[in-house]
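What follows is one structure encoded as structure tokens, with my remarks underneath.
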Amino acid sequence: MNQHKPVRYQHGFGNEFQGEAIPGALPAQNSPKVCPYGLYAEQLSGTAFTVPRKEQRRSWLYRIMPSVTHEPFHPHSFPNESLTADFSGGVITPNQLRWRPFPIPGEPGVDFVRGTTTLCGAGSAAMKDGFAIHVYACNTSMQDASFTNADGDYLIVPQFGALRILTEFGLLEVAPSEIAVIGRGMRFAVELLPGPSPDAASPSRPNSMDSVASQPASSQSLSRKDGGPSLAARGYILEVFSGHFQLPDLGPIGANGLAAPRDFQAPVAWYEDRAANFTTHHKFEGQLFSASQPFSPFNVVAWHGNYVPYKYDLRKFCPVNAVSFDHPDPSIFTVLTVPSSVPGVRSAMHTVHTWNTYVT
């Protein structure tokens, strides 16, 4: 996909969303005998069928070709030894650790899949317990390829480099100061977008939502030897093996504050109907597999449900802090959280620490 038109979104968190790229493509029932336009109905489940209704996560997709129409998966031709989803045999140390920024790959053709490296983690994807933290550094868009993570949900945090994420549900554009969440089992592809240099002065914190939306996306543009621009991107990924991300309870904060549900953005229906030698990358228990198929997997014409990818602008986070003395715990800066089996204990949390600096 090369055309870069403005991307539209639906707003909300955990909503029952729906969309159709062609009028009349969304049927009135989940799985009719014959879908409109001859589409195929598929359900993508994010939870077991029998969990309590308030915890159900699932979506119905209506696509041109079934998602199972591909050759058998086989181990990938480039085994990524730096990628893992099992930390039982990892290096254990009580020391504080930090890393220098990961360099952008010097060799050409490193996309999001090839450029992802595991940094640390705990637990195991096989046991559906724990998390992993990865770093991605890439210099090219994914071409005629998609990626599916069967191990857990991805929370993608761009450090620099604006991304356009193609999903079966639609498009997401994500830049530094924003995050994106891609659920387990969702197919997606990552394109790199041009933009201003990250060395440019950072804009001051906006005073309105309109000024937030109008700020330019940050990315890095390197120079090729032939003088032309070459895109690059780098960032972090928090992968959770159990459950899904939720908004934290507000408790005595009240009805408002922290991340507002209305500020989360989900895609609108979008599809492409084209023949191509497509490669489907699949991550399963930390190992990479691939399969070929003769068409684009982003062929969902209509869909509805509450298991969807989404993005959030961290500049819209409304922090709460002490105004007289002392220092509250960092949990008050929680954007998203993943509950564990122990009440009040979280498997993972994503927090944002913000402050305003006034110069007089």
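Glycine is no exception: its Cβ is also placed from the backbone N, Cα and C atoms.
Predicted automatically and left uncurated, TrEMBL annotations should be read as such.
Computed from a predicted structure; not experimentally measured.
These come from TrEMBL:
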ACT_SITE  His327  active site, proton acceptor
DOMAIN    8-196  domain 'Homogentisate 1,2-dioxygenase N-terminal'
DOMAIN    232-314  domain 'Homogentisate 1,2-dioxygenase N-terminal'
DOMAIN    315-348  domain 'Homogentisate 1,2-dioxygenase C-terminal'
REGION    197-227  region 'Disordered'
Near the residue listed as 'active site, proton acceptor', how many other Cβ atoms are within 10 Å of its Cβ?
7
Over the span of the domain 'Homogentisate 1,2-dioxygenase C-terminal' (315-348), count residues by DSSP class, listing helix, strand and coil in order.
6 helix, 10 strand, 18 coil
With DSSP as the yardstick, break the domain 'Homogentisate 1,2-dioxygenase N-terminal' (232-314) down into helix, strand and coil residue counts.
7 helix, 43 strand, 33 coil
